[in-house]
């Protein structure tokens, strides 16, 4: 069992009132972590610690910030076993957490490489003798709110580029993966970033709303970033706007994978299975809609069903399990209701659908239409639906018939045709002949429509995590009209 204290000003500490909450393995019910439940005063203290640490961190030479972030990346990767030990909080497979650690370490390395890329520019002025500059400077305290589903990747992403840009951070840990998020903070602390540069707050589920509001409302918090559901993202966006804090929001998705009539079906099937079922479909980029040309749909469905038959979900501790657990049994109940609704309205259950507690077998449905909840609602589970259309215009219309727009994929042997189509798909990300689930630390990552706004990743995120300022230097006398 893991004890999870708060991290405030470089110190591990309990909540001020001593309260804790527990996180149990969704499969076995075993107690995984006992976690400090922060009070509003703890939230204030975390922001105050970050604010106090900001001047020194912002003043560090960029190469020194780079050195410390690189050290953190090495330590993160070296402590992979500790992260895997905490995987029981969400019922995830060890290979998923191993993948998380590798990508998160690369995110820190990429952020380290960006410390010297925070560029300004000289802008010609109409005023004689005026030297005008646009400068990017650190903002101050950045609040990162991270989810549980890819806990190492997404919590690291929430703080890596803010740190590279010279900001200090408060990480609001997920109630479902608090030990993982707290461990990230400890790794950065142990790497020598400095007391208060990274602070981690955990809270009981019932306290989440008031803790988030308190953090956003704090005048010292200058930027907010949030990854999570569209429902909660709207709340975070509204709170941030009320307090005039720019927010970067990466929200829900219902990614389409388009299979054109000339696609390599074997490649499309492999990408679809990976994109739909890896980590039990609990990824914002997960392939939820398989939009297939009618000419090849029957063959595609048959091949995908055969692939899905090899993907057994079970207890992650069982070596026979290819896939793991949902985050909890209530997620299974919710997703099963979506499946049952589709079947009741005429969809064909091709394979899967069996639910035992938090274990849901990978599911494929055909014949889904707009009358069914699965057509529009994000399942966030191991469920993919087949939508058939005749010709690429019909496929495009189906792909764009969604409130979401995060990731998408197109399979075609004609790359020119696919590229032209990709430019018309309403998504922040589109991969040709690759899966919808794909992330690299240096790439711009963000969505459109109800999937949020702004981009994480490399240069794209510098704009959000710095303040652009206009500074002038007057050389010589200046004429004034009065």
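Positions of Cβ are set from backbone N, Cα and C atoms, glycine also.
Swiss-Prot has this to say about the protein:
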- 228, 229, 230, 231, 232, 233: NAD(+) binding site (BINDING)
- 250: active site (ACT_SITE)
- 284: active site (ACT_SITE)
Subject >> Surrounding CB atoms that lie within 10 Å of the CB of residue 233 (NAD(+) binding site), all protein chains >> reply: 22
**OP:** Would you count the other C-beta atoms found within 10 angstroms of the C-beta of residue 230 (NAD(+) binding site) for me?
**Re:** 19
**OP:** State the three-class DSSP label for residue 228 (NAD(+) binding site), counting H, G and I as helix, E and B as strand, and everything else as coil.
**Re:** coil
Subject >> Those recorded positions listed as 232, 284, and which of them has the most Cβ atoms within 10 Å of its own Cβ >> reply: 284
Original post:
Which are the residues of the chain, 228, 229, 230, 231, 232, 233 excluded, whose CB is within 8 A of where the CB atoms of the NAD(+) site average out, their centroid?
Top reply: 226, 234, 235, 236, 251, 252
Subject >> Cα-to-Cα gap, residue 229 (NAD(+) binding site) vs residue 250 (active site), nearest whole Å >> reply: 8
Original post:
Taking the Cα atoms as reference points, how far is residue 250 (active site) from residue 228 (NAD(+) binding site) in Å?
Top reply: 7
Subject >> residue 229 (NAD(+) binding site) CB neighbourhood, other CB atoms within 10 A >> reply: 15
Original post:
By the DSSP assignment reduced to helix, strand and coil, which category contains residue 233 (NAD(+) binding site)?
Top reply: helix
Original post:
residue 231 (NAD(+) binding site) to residue 284 (active site): how many Å between their Cα atoms?
Top reply: 14
Original post:
On a count of neighbouring CB atoms within 10 A, which of the recorded positions 228, 231, 250 is highest?
Top reply: 250
Original post:
Which ones are near residue 284 (active site): of the binding-site residues 228, 232, 233, which have a Cα within 10 Å?
Top reply: 228
